[in-house]
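Student: Attaching a single structure in structure tokens format; questions to follow.
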């Protein structure tokens, strides 16, 4: 497929600065792009590469100026969003052929839409419901009475346990596990007694969950991933957690039981949250933060234990200077000790002088 820069700009609602007649055949990164390619610059720190790229066209912000005659710009509101739209044109998704493979196992009582695609090695349990346009790749397991909503995609080796509910247009990447038992144990004395986990996981529409992420079923009730949430790879979500609409959870985050996230919360990579917390709407938690208390709405916290982000920045700015500060402190301590000794010696001398005067006066 080839499209002119003018055609691309019209599609994106952008403005061409340069030669709009050049034909574009591919979309590539700014370092790899060559003649006939289009790339993008969404981060200001990469604007210097506009002079270096071999691309024929670059998606840029509205206020970016053309660096020279060698590259044509398409000015848009958001280059990254425009890139996403452009990729759907140059690299459209292939439509899966509907049907159930003879090598899939479907128990009696399962309901599967005729427009669903079920690959070899899929296991669908009794009472499960598979909606229209769903794609189940090899190795997927769908438990008893689980529901997979319309146009959802479950990549290889995804496991959806019994009675869990998956909404429409949900994407579960390879190895994701939905509905494994919550980590619920009572330990009277030194015994660990398992508490049955009889709740479910509910995943609402338009959620995407990364590879090898695990979401535990609730002890009672539901673990709930609300509409539009995006979860990265290797995330652990414990029993009865609620993640509010359009929140973003980055890789290796761990969320303990019964913690509730509000709307549009962002958790940075490797953040850890203890249980039974309330994280307010639009809050942001920095990478590797240890969250031990509630986080108010619209706040930004970082560090372990977490604290307001600005306080954490001030603390971190001191760390590189700690060795020098330690040497300075030791030097000051020695000076103070020396001054104290001199002061004591001075006092002794004064005492001796005073004693000598008294003796002279008594004579």
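Each Cβ is built from the backbone N, Cα and C atoms, and glycine gets one as well.
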Student: Tell me which of 320-341, 342-363 corresponds to the region 'Disordered' entry in Swiss-Prot.
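Tutor: Within the set 320-341, 342-363, Swiss-Prot attaches region 'Disordered' to 342-363.
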Student: Taking the Cβ of residue 239 (active site, proton acceptor) as centre, how many other Cβ atoms lie within 10 Å?
Tutor: 26
Student: DSSP on the region 'Disordered' (342-363): how many residues come out helix, how many strand, how many coil?
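Tutor: Tallied per class, the region 'Disordered' (342-363) gives 21 helix, 0 strand, 1 coil.
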